[in-house]
Structures are given as structure tokens and as C-alpha cells.
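Q: Dropping the structure in here first, questions after.
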């Protein structure tokens with residue numbers, strides 16, 4: 001009887017420790033779960049548009065990563081640090097400038113609006129990446145034609 005209670009309590013502790021970590025999300029193999037989304041960092045450098053197209057082909061609803069909070073930014077930075085091994089100075093995210101006269105409007109490639117911002121430079125180019133020098137925590141305005149690793153995000 002004592003062993004049975006110990007096992008039940010042990011299983012309950014494991015279940016509670018996993019709740020909220022994304023362990024219950026249905027992500028593809030080798031993808032990481034966070035807040036009802038799946039993420040994967042890809043080490044193969046691509047141009048921003050090619051990386052976006054690649055992400056849409058990897059998972060239903062997939063796009064280059066959109067970052068909507070400080071907590072998500074920390075998660076993505078950790079994911080990149082653990083999975084990107086190239087010496088690239090930047091990693092693509094899904095933020096693009098959409099030039100509509102007389103303004104420049106930034107949007108995520110998944111269509112969502114920008115509600116959290118962490119930009120280090122003026123918006124003079126059309127694409128954005130996370131900068132290695134800031135441990136992938138700051139957004140940097142980049143030329144879309146450059147080749148960098150990237151992170152994809154899809155609904156879980």
C-alpha cells in the first residue's frame with residue numbers, strides 16, 4: 001500500500017512539473033513547444049524570403065518566428081543558443097517592413113501586428129534578425145538578400 005501511494009504521488013509530481021512547459025502540445029519531432037506554439041531553429045543559412053517559404057512548408061501554419069513578449073523572446077534566444085552552431089552574426093525572424101507611403105509599417109510574416117518591440121536600429125531595410133552580439137535578444141534591421149540561419153514557428 002505504501003509503495004502504491006509513493007508511485008501515485010511521484011506521478012502526480014511529474015505531471016505537475018510538466019504542466020505549462022508545453023509537454024502536452026502536439027509538436028513535430030525535433031520541434032520545441034512554448035505557449036501553444038512549436039518552434040525550430042534551422043542552421044542552414046537562407047535569404048529571408050526563402051526562409052519564410054521554407055517555414056510554411058515545414059508545418060501547417062508555419063512562418064518565420066514572431067516574437068510577442070519578453071518571455072517568448074527569452075525562449076527563442078535560448079532555442080537559438082542551443083541549436084544554431086554556425087558563426088553567423090544574425091538569425092532571421094519574421095518581421096518585415098511594408099513600405100506604404102507615406103509610412104513604413106512593420107508586420108510579422110504570420111500576419112500578426114507588432115505588439116512587443118526590441119529594435120536596435122532605424123527601419124532603413126525591410127527585414128529583421130536577432131543579433132548574436134546581444135545573445136539573440138535584440139532585433140536588427142537587415143538586408144533581405146543576405147543568408148542567415150532562421151527560426152520557424154507554428155501553432156501547436
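Each Cβ is built from the backbone N, Cα and C atoms, and glycine gets one as well.
Pulled from Swiss-Prot, these are the listed features:
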SIGNAL    1-23  signal peptide
DISULFID  27-38  disulfide bond
DOMAIN    34-153  domain 'C-type lectin'
DISULFID  55-152  disulfide bond
DISULFID  127-144  disulfide bond
CARBOHYD  141  N-linked glycosylation site
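In the displayed structure, how are the listed features positioned relative to their neighbours?
A: Sequence-distant neighbours of residue 38 (disulfide bond) (same chain, 6+ residues apart, CB-CB distance under 8 A): 25, 27, 28, 31, 32, 59, 153, 154, 155, 156. In the three-state DSSP assignment, the secondary structure recorded for residue 38 (disulfide bond) is strand.
Other Cβ atoms within 10 Å of the Cβ of residue 152 (disulfide bond) number 24 in total over all chains.
Under a cutoff of 8 A between CB atoms, and with a sequence separation of 6+ in the same chain, the neighbours of residue 127 (disulfide bond) are 48, 92, 95, 96, 97, 141, 142, 143, 144.
In three-state terms derived from DSSP, residue 141 (N-linked glycosylation site) belongs to an extended strand segment.
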Q: Do any residues at least six apart in sequence from residue 55 (disulfide bond), in the same chain, have a Cβ closer than 8 Å to its Cβ, and if so which, in order?
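A: Same-chain residues close to residue 55 (disulfide bond) (Cβ under 8 Å, separated by 6 or more) are 62, 63, 64, 94, 150, 152, 153, 154.
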